[in-house]
Amino acid sequence: MSWQQRVDDALTARRATDTLRRRYVVSQGAGRWLVANGRQYLNFSSNDYLGLSQHPQIIRAWQQAATRFGVGSGGSGHISGYSVAHQALEEELAQWLGYPRALLFISGFAANQAVITALMKKNDRIVADRLSHASLLEAANLSPAQLRRFIHNDTQHLSRLLQSPCVGQQLVVTEGVYSMDGDSAPLAEIQHIARRHHAWLLVDDAHGIGVTGDEGRGTCWQRGGKPELLVVTFGKGFGVSGAAVLCSESVADYLLQFARHLVYSTSMPPAQAQALSASLAVIRSDEGRERREKLAALVQRFRAGVNASRFTLLNAHSAIQPLIVGDNSRALRLAEALRQQGCWATAIRPPTVPVGTARLRLTLTQAHEACDIDRLLEVLHGAGE
């Protein structure tokens with residue numbers, strides 16, 4: 001088979017199963033409204049949960065820092081790219097979340113890959129929730145460690161897997177809030193089981209940080225867990241982009257030596273770090289609390305109004321509200337029907353989710369109003385299916 005035949009066959013297979021992904025060009029993609037092809041839609045696909053991507057204080061912080069530092073960092077943090085803005089943000093994050101150290105990464109994907117790649121060796125074992133993010137599972141598959149996956153949020157299955165003999169070290173991997181199901185992991189129980197078996201715990205709290213817990217400290221704080229490795233990302237609740245790993249002093253020093261994604265990547269722009277510090281200040285303030293409370297009320301309003309006889313609504317109380325429709329083509333038709341009525345929603349299909357669980361992944365944000373939720377419910381219930 002030639003290279004071209006391999007490429008063509010893969011694309012043909014995706015088209016045949018209604019799983020071919022496509023991108024949409026938008027002129028505004030975050031906030032209450034999405035604008036595409038000159039038309040305005042209510043936006044139910046954004047991860048900007050607290051509406052901070054449009055916050056004037058955060059925008060101003062980035063602009064001022066860009067004037068001071070320029071628009072790029074100029075190099076890896078190990079060469080010339082670790083500025084006072086990066087240092088200040090790392091210290092603020094560590095203090096806020098109660099860890100000795102924080103290390104910044106250019107993305108959550110890079111952070112997850114870096115930690116697992118740097119830590120795991122031959123004869124080690126990774127025990128990951130089967131619904132863990134692609135960045136975690138890919139890193140686990142590529143590492144020299146053995147990967148075992150436990151049934152989603154099933155702590156008994158996790159315990160059984162950890163009990164089986166392992167010559168090396170064991171790492172338990174889970175998420176705080178799951179990106180496709182919107183539910184949360186039983187983190188306190190998972191942590192207890194991990195420690196009983198002398199395993200470390202890595203939690204990716206991309207969708208919980210900033211949005212849940214006291215001062216927005218996230219799912220671990222809310223549920224009483226403190227993993228050895230906490231990954232937080234800044235493209236959701238923070239409204240910006242990037243990520244950080246929270247850990248001990250020694251683990252931070254280790255990652256600075258052996259995390260190739262960190263050592264060999266240009267660091268985030270200092271202006272971005274400054275904007276993230278401004279975002280953190282909003283998250284921790286009374287305004288941040290009010291934004292979280294408004295979002296929670298909108299989620300409750302939506303869940304109370306969904307017609308459960310027509311859609312499978314998962315037990316999710318986060319900003320992520322998936323409606324399971326099962327069939328790929330039906331999910332695509334439903335997303336298109338919503339767009340025709342001015343509501344932008346995304347159909348999620350395999351391989352992102354298991355076969356037979358195609359869904360509309362609806363995301364609610366603080367930028368929405370109650371009337372937006374009511375409109376979404378009206379359109380959903382009127383969609384001709």
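Cβ atoms are placed via backbone N, Cα and C, with glycine included.
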For the pyridoxal 5'-phosphate site that Swiss-Prot lists with Gly108, Phe109, Ser179, Thr233, give the additional residue from the candidates His86, His152, His157, His207. His207
Could you check the binding-site residues His133, His207 and say which one's CB has the fewest neighbouring CB atoms inside 10 Å? His133
How far is it from Thr233 (pyridoxal 5'-phosphate binding site) to Arg21 (substrate binding site), counting Cα to Cα, in Å? 24
Counting every protein chain present, what is the number of Cβ atoms, excluding its own, within 10 Å of the Cβ of Thr233 (pyridoxal 5'-phosphate binding site)? 25
What's the CA to CA span in angstrom from His133 (substrate binding site) over to Lys236 (N6-(pyridoxal phosphate)lysine)? 15
Quiz question: given the binding-site residues Arg21, Gly108, Phe109, which has the greatest number of C-beta atoms lying within 10 angstroms of its own C-beta? Gly108
